[in-house]
Amino acid sequence: MARISTRDLFRIRLINNTFSNHHPPVRVLLKQNCLSSAPYSSSFPYIKDRPNSIYHPSVELLKLCQSTRHLFQVQTQLITCGLFPFWSARLLKHYSDFGNIEYTILVFRYIDSPGTFCVNNVIKAYSFSSIPEQAVIFYFEMLQIGFSPNSYTFVSLFGSCAKTGCAQSGQKCHGQALMNGVDCILQVQNSLLHFYGCCGDVESARKVFDKMLERDLVSWNSIINLYASIGELGIAHEIFDVMPERNVISWNTLINGYLKGNNPGCALMVFRKMVNSGLRGNDTTMVGVLSTCGKSARLKEGRSVHGFLIRTSLRLSIILDTSLIDMYSKCQKVELARRLFDSMSYRNLICWNAMILGHCIHGNPEDGLNLFAEMKNWSGDGEAIPDEVTYIGLLCACARSGLLTEGKRFFSQMMHTYSLKPNFAHHWCMANLYAGAGLIQEAENILRDMPEDDENASPESLVWANLLSLCRFQANANFGERIAKSLIDMEPWNFSHYRLLINVYAVAGKWDDVARVKEMVKGRRMRRMPGCNLMDLKEIVHKYRVGHFLQAGILMK
């Protein structure tokens, strides 16, 4: 067996002692005579003579460990009793299950002849870590020393490739699965489907799906999700219809696919079919349906869903309460949303943001500003510190009410008091605020000065396009025309810039110029291209809507 260094032993003991001072230790009943009493060596902490039995009470506690803190303590006991070499593989698995990549690797280093089980657990730990790309590197390193992979190896490998979105690495691993004859195993094929879906490779995913001799719900749900995610909802629905069986995830996938595809009618139709089939759905279902009702301002359907929640005695959670607030606000029933908000026994920041956005965008902006002041003085279950979404609502309120001074104060406050970095939405709101006050040059400058490294910022042409759409609503044709021509000079192939210029002329009543630009587009034989879209203030905020943060925190169960 490989030897563990005194330094690493001291390190583990130090961590164990540190956690023991703050957390209740794992209680281990030790018998002094249960092991042989061979002397210790200062350089080799194991007992030199093999103990009569490799059983130790700490081993049973491995099954009961619920955190790495407890695992540290069990490991320390096994090391000091000389049993670490015999139970290292079990320890390795537990560290891997807890996602502790550092200690998974540390334990792996001291296993003299690691087998497939140990290597698989390291690959699994890498795939769940913040450095999933290392799983593939580690795999090929192990191949060089004689590692023999199995199906479990490739499930984790494809998971890591899906997480990184690296098509090249995934294709190499696919080739390895073929070479090792495990490509026809169901779990491997499902992992392949997920990987190709994450990479957007529909053709490869469909080939895998069509060649599957056996399919389970994971297989069907994966292929439906892939087509729904790329907007091929017709194909997704066709596959859904021929599924031999469905679960809640199947219905949720189709509902959310129609929601993202801006087809709320079909999303609600699928929900009604699901209810008629006898399934109630879960929180993810209800959030999706309520988001659909809110996005399309379908108050009648939204109330019907609310009634369904009450009739079925589905326990209202903070997630569902917040979704109802969001739905009623977008349906212009802010007073109903406020009643729900006031009745909540527990609130978090997402709840506050939903109600503030409801007032600021769909209701009385002044009520939103007052609610923000109330939030800062709130003494509930926890402190609600404003975030980027909060300030989008506040700046929207200022833009709607023409409160330039207050808007500038909030913009400064978010940066200097709360250390929040403004993103594209905040700069756009401020530009709208300046333009509403007639300060067109300031509106242009604030978008010019937007940091280039802002991960939420659109490309330069899209930033200018949104400023142009702002000027379209202000009917400032001269300024809009200047910006549009600048965009056309930069990207003469982009149809969206011509469309924006047509809108500016149309709002200004310059119909001759509208016809001229249309003829120019026809003469250049331009086709409609993906590019910048006209967005008003509500659409900008919609990209940061509360539903986005709700769905980010919910797993499709």
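Even glycines carry a Cβ here, placed using N, Cα and C.
Heads up, TrEMBL stuff is auto-annotated, nobody curated it.
Note that the structure is predicted; figures quoted are calculated from it, not measured.
Among the features that TrEMBL reports, repeat 'PPR' is placed at 216-246 (among others). Long-range neighbours of the repeat 'PPR' (216-246) within the same chain, counting only residues 6 or more positions beyond its ends whose Cβ lies under 8 Å from a Cβ of the stretch, are 186, 189-190, 193-194, 196-197, 200, 202, 205-206, 209, 253-254, 256-258, 260-261, 263, 266, 277.
Remote same-chain residues near the repeat 'PPR' (247-281) are listed as 217, 220-221, 224-225, 227-229, 231, 233, 236-237, 240, 288-289, 291-293, 295-296, 298, 301, 305, 308, 312, 314, 551, 556-557 (criterion: CB distance under 8 Å, separation of at least six residues from the stretch ends). Residues or ranges marked as repeat 'PPR' by TrEMBL: 247-281 (among others).
Sequence annotations record features per position, and here TrEMBL assigns repeat 'PPR' to 348-378 (among others). Mean pLDDT for the repeat 'PPR' (348-378) in this predicted model: 90.
Taken from TrEMBL, the feature repeat 'PPR' covers 387-422 (among others).
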Report, as numbers and ranges, every residue of the chain located at least six residues beyond the repeat 'PPR' (348-378) whose Cβ falls under 8 Å of a Cβ in that stretch; write 'none' if there are none. 318, 321-322, 325-326, 328-330, 332, 334-335, 337-338, 341, 384-387, 389-390, 392-394, 396-398, 400-401, 406, 537-538, 541, 545-546, 549-550
